[in-house]
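Asks: So Swiss-Prot lists these for the protein:
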{"type": "MOD_RES", "residues": "Ser2", "note": "N-acetylserine"}
{"type": "REGION", "residues": "2-277", "note": "region 'Interaction with WRNIP1'"}
{"type": "DOMAIN", "residues": "60-228", "note": "domain '3'-5' exonuclease'"}
{"type": "BINDING", "residues": "Asp82", "note": "Mn(2+) 2 binding site"}
{"type": "MOD_RES", "residues": "Ser426", "note": "phosphoserine"}
{"type": "MOD_RES", "residues": "Ser440", "note": "phosphoserine"}
{"type": "MOD_RES", "residues": "Ser453", "note": "phosphoserine"}
{"type": "MOD_RES", "residues": "Ser467", "note": "phosphoserine"}
{"type": "MOD_RES", "residues": "Ser478", "note": "phosphoserine"}
{"type": "MOTIF", "residues": "668-671", "note": "motif 'DEAH box'"}
{"type": "DOMAIN", "residues": "749-899", "note": "domain 'Helicase C-terminal'"}
{"type": "REGION", "residues": "987-993", "note": "region 'Interaction with DNA'"}
{"type": "MOD_RES", "residues": "Ser1133", "note": "phosphoserine"}
{"type": "MOD_RES", "residues": "Ser1400", "note": "phosphoserine"}
Amino acid sequence: MSEKKLETTAQQRKCPEWMNVQNKRCAVEERKACVRKSVFEDDLPFLEFTGSIVYSYDASDCSFLSEDISMSLSDGDVVGFDMEWPPLYNRGKLGKVALIQLCVSESKCYLFHVSSMSVFPQGLKMLLENKAVKKAGVGIEGDQWKLLRDFDIKLKNFVELTDVANKKLKCTETWSLNSLVKHLLGKQLLKDKSIRCSNWSKFPLTEDQKLYAATDAYAGFIIYRNLEILDDTVQRFAINKEEEILLSDMNKQLTSISEEVMDLAKHLPHAFSKLENPRRVSILLKDISENLYSLRRMIIGSTNIETELRPSNNLNLLSFEDSTTGGVQQKQIREHEVLIHVEDETWDPTLDHLAKHDGEDVLGNKVERKEDGFEDGVEDNKLKENMERACLMSLDITEHELQILEQQSQEEYLSDIAYKSTEHLSPNDNENDTSYVIESDEDLEMEMLKHLSPNDNENDTSYVIESDEDLEMEMLKSLENLNSGTVEPTHSKCLKMERNLGLPTKEEEEDDENEANEGEEDDDKDFLWPAPNEEQVTCLKMYFGHSSFKPVQWKVIHSVLEERRDNVAVMATGYGKSLCFQYPPVYVGKIGLVISPLISLMEDQVLQLKMSNIPACFLGSAQSENVLTDIKLGKYRIVYVTPEYCSGNMGLLQQLEADIGITLIAVDEAHCISEWGHDFRDSFRKLGSLKTALPMVPIVALTATASSSIREDIVRCLNLRNPQITCTGFDRPNLYLEVRRKTGNILQDLQPFLVKTSSHWEFEGPTIIYCPSRKMTQQVTGELRKLNLSCGTYHAGMSFSTRKDIHHRFVRDEIQCVIATIAFGMGINKADIRQVIHYGAPKDMESYYQEIGRAGRDGLQSSCHVLWAPADINLNRHLLTEIRNEKFRLYKLKMMAKMEKYLHSSRCRRQIILSHFEDKQVQKASLGIMGTEKCCDNCRSRLDHCYSMDDSEDTSWDFGPQAFKLLSAVDILGEKFGIGLPILFLRGSNSQRLADQYRRHSLFGTGKDQTESWWKAFSRQLITEGFLVEVSRYNKFMKICALTKKGRNWLHKANTESQSLILQANEELCPKKLLLPSSKTVSSGTKEHCYNQVPVELSTEKKSNLEKLYSYKPCDKISSGSNISKKSIMVQSPEKAYSSSQPVISAQEQETQIVLYGKLVEARQKHANKMDVPPAILATNKILVDMAKMRPTTVENVKRIDGVSEGKAAMLAPLLEVIKHFCQTNSVQTDLFSSTKPQEEQKTSLVAKNKICTLSQSMAITYSLFQEKKMPLKSIAESRILPLMTIGMHLSQAVKAGCPLDLERAGLTPEVQKIIADVIRNPPVNSDMSKISLIRMLVPENIDTYLIHMAIEILKHGPDSGLQPSCDVNKRRCFPGSEEICSSSKRSKEEVGINTETSSAERKRRLPVWFAKGSDTSKKLMDKTKRGGLFS
């Protein structure tokens, strides 16, 4: 034992001196006595930053703000710089930089919370590496190495304030930031340990943390400025003080001080009893004693420090605590610098563990307080830092010493592994199913990492993957660790929570579907508020160009003007929500404050308002024009501000309210307030103080996307008081929805949306293509440019000027298509976007709805397409694993599952979207479109193949046996692997990944009847339905598949009962031919059809018609010689397309209107270019359509067009000249308003007036589906999402209108008709057909009510009715909007129960003679209701 002790002692003596903690303490003890703190430090006021703090946690916003900073700074300008990171060491790794602070002026500081961002923002990186901008701070050299290690960012042109101070002050001090603040500013920093040592990586930061961080950066900025203006001749310190300070002056000062002290000593006995604060006096005396001691040492010196009298230390001052904690933080900074420098040279994983233990020892020693109460903790710790840093950075360590350190670290590392390996799974558990490369834009992940729970105190050792190479290396390391058995499972907690994942079940989905099945409601409701008066309508027309308010608009405006009430308005895109906040201040004559996060959109709206003679401005940090003075003078009606500016300038708003008056405060895009929304922004959460500061000003929160939970969150966060909540329908009836699968070939995927011109390809109108990553945007752009297509790329990695140029060119129609990440779109003010294409699966329903909302804002027909692949869903699911807030992550998983169902579904896509937003008026909003070929690809498919929802919608199959096999396989393999291994098990694979023990199981190889891709698709279906769940296991790149509670319960039940599981089938699980209804046969000339892929081979006539419906011809390609019949501009909105009361115009008139429209578009483009404004701001497409119809020639007449204000009317004068010239050249009428019509159109209207079917939109659709498509009533009811009774009543109204109807197929057979007629003729009815209730009571219950109504209408019309017993073969459609010949529908003898031709003939002879006149009526009707084009 003694020998071992000697060896140990010898080994310890060989260790370097700097490793001996005792020696280190002694060295510090010897040097600390010369450092004394100022006696006045405790009385110094605290330095506090009073300007506005811009807190950004989103990578995209951070890039934008950084670029704004760069643009606002000149070369050589300086910003205050500082960084924060968690103080803890975890598993041998130091915490990464969590927060970067930049102070650009005395009034503004930016906090960039990079720990909540998935990747480091490109704009911030460019700013930090910009040599033209100086970054000033203390310890900034260490910060440089920290940034280089954590993010590979080379901080350039940094200024170390310590060096500048020593140079200016001619001294050699070791300064801390606090000591510089004390010396130069006469203040001190508030160093609260609970704040400075808090976890800076947690989201969001507290207000105290924000103020602390901003103050540090501000201190660096203001110190640099003070040092710069400090004259070199001013010397506060000198190396030889005798040369700078006269001896006589020092004598005078010392004598004066001694006299004052003696005088105080004389007065003390009499004044002591009257002292209010004796303790404070004692503290001041102690401070004086300390400084006197220091002064004595400096002047006289001391030969014996040990025995010399020292000041009393019996008081425990709070300042010592501050200084000690300050030392801890500074020490950590130095240690970070050391480790960073070492890693940059040669970094070995074992050094992580060495650094960890060494760091812990040092920290432990640092926290211990010294007994000497007067010691200056800050300076003491600075001395320690310098010593330790010098030691650690020293190259004097011997090779033998280094080997000892490495050996110790390796032994600890291996022992830790040996302990943990007993709890690990076998090294064979190394499956990695998600081995795809992530190349994602910050914008796609903008919400994934920002919703971190404040209570989540777990240490996260993962780091952000910033490149493909990092990802691949991390995955390779993961596999190596698996093979060596050195990885600890971390999935148990996630697995426990995700087993109960509340993904939407089939029952829940059906509840959503049935939400609207409550019967039809009236389109118009009587409102309880008074109509606008004449003065209000005049103001509306003068400034906004409208003759009336929409009902919901007036509801909001009236409550603001008359009741001064808060409002939450959820309005579909294109409804006109901007009028709700623009009109009140214009009418009242005061200021309206509009808060919006979108600078580009605000600039466009300001321009648009100015063109309508409404004074408006944008007020913000990026505003170049000085408008603040004019605002205070009340010269502006509408003022746009950012949420950051608003929250930082409450005093200005209160001043405006007091001096001028604020009519309202509008919060646009209010869904950004909610943490559960798809576009949450923290700056919006601060707007809750608005109501406190301005309690009498009504707040109007507006958005286009907000479910009920988000609406509640908006009310709560804004502190709204008894708000009026108003919702329009979420439906956008002019948008056609379509989903397709990607093929992997970009050009092949996008070609269906392109048209070929003489020289190049082009889209059918302005188009946005959304991509999930920057890399994909560049790939798509490259492919499209091969076709000479004018397009541009837009993403956050581009410079601000480049992005602004792309936006400018797109809104001015200089480029036709923008390929962008989701950073683009919300801020665009372009109403005529015809197509929105998602090249990749959207991440959730809310963001998808917001993005497609960019299309068709002018009310004209537009289309929205999704091109996706299963890998897109995998990528989105993987990104969700980054969310540390478990509750929010599960919520996002549920939202993503809904999106996945949308992509797979064969149901009406419009219905899926509307049911997600809980639209209670889903059927009301969609009566004119849902179930038609203009609704979505699924609805069009049903119409093309004449089958109903019964046959096709969500075709259900029993997948019970397959589900039992797959769930059992996952369970048998212990839920330790991804889905790949259970599939190999079921398919009987010989792969070495599958252990031999599993090959003897009875289920092994039982799934050979299905392909591997089928099983993977089926597993995704089970995940979507909530039977399986994927969770992270070893690290975030590897997933295991586990049973949820729902899946385990089903499996247990299937073991004992029947194995039945009814799921929705899609094209991956069932062959396409099986998805077609068995009762229907597709003709041999029709291409095999897939429900999720629309492009089927159509007849020439139908194809031409669809092109007319959905195509858009650019202005520069239109001429009088164009083939307009095949490709028109665009049809009108669907609300009017199905209204059979619209007059039918002649082909000549339609041709005239279309050619004139093309000339107007050209003239608008030229005029807009001269004015340097976007064409759509000058005049929307809808205004041009109306101008082509009405052909006004005077300014007064153009004002009569809806949407043309007085200001705009004058600007449209050049377009009136175009109309005059065109009409004179072609000899056509002008100024065609309600009192006049084209001569030929008048004649046509007179002929058609008495023969047109006066059916509503909804009734016309039902009639067409029944009479022409030959769909059964039940199928129509399911397709239209309406009750069967409602469908029947639609047909009874068709009978009343005199439209031909196949009565027998409707259910009104002669037998039923006779029963009803007998009831009506006999008592007690006695032929009184007004007694509907009595008739209903007497007619047998099995006869539906709508049949009674039909029979009554037939009896009323008598022989003049145009009804028919069956559809004539040669009859054409009477439903407006189609030219397709109605197919014959001959019923078999079995269907009608007739056995012989004779009996059939006798039956026909018994029918009323007037039944045979249907053919005539139908022909005349069809002639009248032929489809018009854009201008019908």
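Each position is counted from 1, following the chain as shown.
From the backbone N, Cα and C atoms, a Cβ is placed for every residue, glycine too.
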Asks: I want to check the contact list for Asp82 (Mn(2+) 2 binding site): same chain, sequence separation of six or more, C-beta distance under 8 angstroms. What comes out?
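Replies: Once residues fewer than 6 apart are set aside, Asp82 (Mn(2+) 2 binding site) is near Ile100, Gln101, Gly137, Asp143, Ala213, Asp216, Ala217, Gly220.
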Asks: Checking distant contacts: for the motif 'DEAH box' (668-671), what same-chain residues at least six beyond its ends satisfy Cβ-Cβ under 8 A?
Replies: 568, 577-578, 581, 594-598, 677-679, 684, 701-706, 710, 714, 718, 826, 846
Asks: Reported in the order helix, strand, coil, what are the DSSP residue counts of the region 'Interaction with DNA' (987-993)?
Replies: 0 helix, 0 strand, 7 coil
Asks: Tell me the residue counts in helix, strand and coil for the motif 'DEAH box' (668-671), as DSSP assigns them.
Replies: 2 helix, 0 strand, 2 coil
Asks: Over the domain 'Helicase C-terminal' (749-899), work out the mean pLDDT and round it to an integer.
Replies: 85
Asks: Check the DSSP secondary structure of the residue listed as 'Mn(2+) 2 binding site', expressed as helix, strand or coil.
Replies: strand
